[in-house]
Amino acid sequence: MDYKDTINLPKTSFKMKANLKEKEPQILQKWEDINIAYYLRNIRIGGTKFVLHDGPPYANGDIHMGTALNKVLKDIVLKYKTLRGYDAPYVPGWDTHGLPIEHNVTTKLGEKANALSKLEIRKLCEDYAMKYVDIQRESFKRLGVIGFWDKPYLTLKPEYEAKVLEILRSIVESGNIYRGTKPIYWCTECQTALAEAEVEYHDHTSDSIYVKFPLVGENNTYVIIWTTTPWTLPANVAIAVHPNFDYAKVEIGNEYWIMAKELVDKTLKEAGIDDYKIIDTFKGLTLEGEKARHPFVDRESLLVLADYVTLDEGTGCVHTAPGHGMEDYITGTKYNLQVISPVDSQGYFTDEAGKYKGMKIWEANKEIIKDLKENGFLVQSGKITHSYPHCWRCKNPVIFRATPQWFIDLEKNNYREKVLEEIKKVNWIPKWGENRISSMVRERPDWVISRQRAWGIPIPAIKCENCGETILDTKIIDHVIEIIEKEGSNAWFEKEAKELLPNDYRCPKCGGSEFKKEEDILDVWIDSGSSFEAVANSREELKKFPVDLYLEGSDQHRGWFQSSIFLSVAKHGIAPYESVLTHGFIKDEEGKKMSKSLGNVVNPKDIINKYGADILRLWVASADYRMDIKISYNILEQQVETYRKLRNTIRFLLGNINDFDPDEDSVAYEEMLEIDQWALMKLHNLIKNVTKAYDNYEFYKVHYLINNFCTIDMSSTYLDIIKDRIYVEGKKSKLRRSAQTVLYETAIALNKMISPILPFTAEEVYEHLNYSNKYETIFAELWPEYKENYLSEELEEKWNKIFALREDVLKALEEKRKEKFLGNSLDAKIILNLKDDTLKQILSQYDNNWIADLFIVSQFEFGNVDEGFEGRYATIKVTKAEGEKCERCWKVDPNTDNDPDFPGVCPRCARVLKEEINA
């Protein structure tokens, strides 16, 4: 007789094969159809607000793994918060001004760029930025990121630009903006000033030279300096020594050289000199005020004191050019030294450089070294490879160059100290972020905020044609804000100065009325750093200040986190964020940085096309992102395997609750079998721990906990044990409904817990779940709450012991399988001789059939075992079960085939079949 149709086999249309790359676009279309961001907002509006403010990616090129990682992390946070009942809207944004965009546009134009006006360049830059906003928007949506994609914030929008100028106005009003000539980073290729955050460090090979400066008033005596920038020697006006270091006068032939005593041997070895004698030593302090003669310019160099002089390299006598170095400039201010910077915006020497006029500075190195050698002032020359600042956009080496710029004064009004105090109040994740940003803020120079480019927000400064005064005041800014709010920042470049000024505006210095507008633009970090005001504190959906969270890469300690807190303190006196979370950078499998030249770049689109976005998101969740994160196709394959196990677990749950109506069929906790209560305990422990991990932004723990639960607690333990009960017991029996209640609750809760990480899979599962009052999307549901009364330590300890014994039994069965003694475990009978008294007491509460089900064998008994498998908790004898195999449940039973109504089945199955007929 065929009993196949009497078995409660799993039924579900939830497929084993995910086919994510085909399924995900369908779900995206559904989200589009229901307008999901607005749908969720309408449901959550009125709830506690949670604002994660989006740090704007740069609208330059398509997304890469770094931007994908960042957006997915943000999306995980916001989906979780939405499920927790928060009103957690996501307003994405883009940084759309600045040098990288302008550089790409002008590079593509080539020579044609020189013939275009600033307005024409700006129009091309806007088109370029908007093109990549659209491209990136589609890429982010494809990752499953939910947000107000139809109305993002863009730093080029007039309303945004006006807010930026409002912040600038606050800083001008406080007196913290000044115009000064001091050395700043300058890119000769891009022809603009750069802030620290716009500089990257790469290895660079430089000339390394030791030079003799004749000491005035002493025959044949020279101060020896070392430099890796020979081109800065025309600007030399001083030599710095450390007041507390010991300096030596070294006799070499008929000459006397002065340098730090500790560096004599090293310096002279490099110079190939081994015949020398130290004839005098003295403190650097004694050299202050002495003068040396410049080796090729008709002027003297003053010997000055500076604490930054080190003994790490060089001679302890530091070539000082205030026009080409910040430390040099500070020393120059102290000693009232001349600031010479004989280099133009393109890196060519000016008239001030004398015979080197018109030479490119890098090419002039060779000539300067040649002249020093011919004049007898070159001690030694060579090459050195060292870390050197490069432009973030064109990747060329930058220089320090003294030019007139606008600066934010970080000392006035205790500005820097106020920022440092606010940093202490922020929750930095990880904790080391606080020290990192604090040290950067403490050490950074005044902020150079002007740029000599076209694509950005103009600094509304004017120059008086009568007295030459450059003016930036609140009256002008207020008037320009009104214009830009209506017309956008192009207005500054379109209109004449008089059209941009208030009526009857007069020069505050001379009373003049004729003006010329300046055309410097603001540092792009002012743009993005103002977003707390222009977006978080302004957009209706957000309207929260300070916001709950900023989440970006750790490079933003020197970038957006820093610019934002400086500007927020200027405007409101407080930090713009309560918490700041940082992630590391993407590396390849071997921990190397990704680069096209190494051929190790992994593209997010390639991952999505091969595996689907959920696999990429699972990879994001798997890593402790606070450190650098490795990716490769091998690593992704591991996540594919993890996903497969999770999907199979969910499919099993869905397949076995297809006939379960939670309103009608649920079994109360108190009436459940104890193993079902254990499974609920495991589920609610999972809910508790996963919730804590999400709250702490520890998604790698979520990944681990869920994976562990599915593979160990569910698949290899509970689900294995209950298969017999749910397949074979009566369809509506309490035994089966008890297990189904667990499976149903697990499916509901597990799906919610995976949904922030695997939104596409969770939506697909949600479609297959049967319960009343379902929403259009799982993200409108509420997070599962764990029940404290389910978390019984006593129950856990008891079952830990039982499952430890079960491990022993499974090992014994596996041994017999290897010996070919057994095929299926249901062919076995287990005889146990327990070694543990507590286990004896526990198992005495259950009948032998129940224990056999636990071990997935047909028969079980306690007894003395002379020879058997020695487990940790028992000696185990595995024998063949006695009787015949039941045709329905496959268990072996001595009483199989005893019921004439149901031939070939065991007594249990005969009972079930009778009950089903009579039901």
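Each Cβ is built from the backbone N, Cα and C atoms, and glycine gets one as well.
Features reported for this protein in Swiss-Prot:
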- GLU552: L-isoleucyl-5'-AMP binding site (BINDING)
- LYS596: ATP binding site (BINDING)
- CYS886, CYS889, CYS906, CYS909: Zn(2+) binding site (BINDING)
- 57-67: motif ''HIGH' region' (MOTIF)
- 593-597: motif ''KMSKS' region' (MOTIF)
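Here the features listed in Swiss-Prot are painted onto the structure.
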residue	record	Cβ neighbours (10 Å)
GLU552	L-isoleucyl-5'-AMP binding site	20
LYS596	ATP binding site	7
CYS886	Zn(2+) binding site	25
CYS889	Zn(2+) binding site	22
CYS906	Zn(2+) binding site	28
CYS909	Zn(2+) binding site	24
Give, as a single whole number between 0 and 100, the mean pLDDT over the motif ''KMSKS' region' (593-597).
75
Candidate nearest LYS596 (ATP binding site) in space, where candidates are the binding-site residues GLU552, CYS886, CYS906 and distance is Cα-Cα
GLU552
Measure from the CA atom of CYS886 (Zn(2+) binding site) to the CA atom of GLU552 (L-isoleucyl-5'-AMP binding site) and give the result in Å, rounded to a whole number.
62
Cβ within 8 Å of the Zn(2+) site's Cβ centroid: which residues qualify beyond CYS886, CYS889, CYS906, CYS909?
VAL728, GLU887, ARG888, TRP890, LYS891, ASP893, THR896, VAL905, PRO907, ARG908, ALA910
Could you give me three numbers for the motif ''KMSKS' region' (593-597), the DSSP helix, strand and coil residue counts?
0 helix, 1 strand, 4 coil
When the motif ''HIGH' region' (57-67) is classified with DSSP, how many of its residues are helical, how many are strand and how many are coil?
3 helix, 1 strand, 7 coil
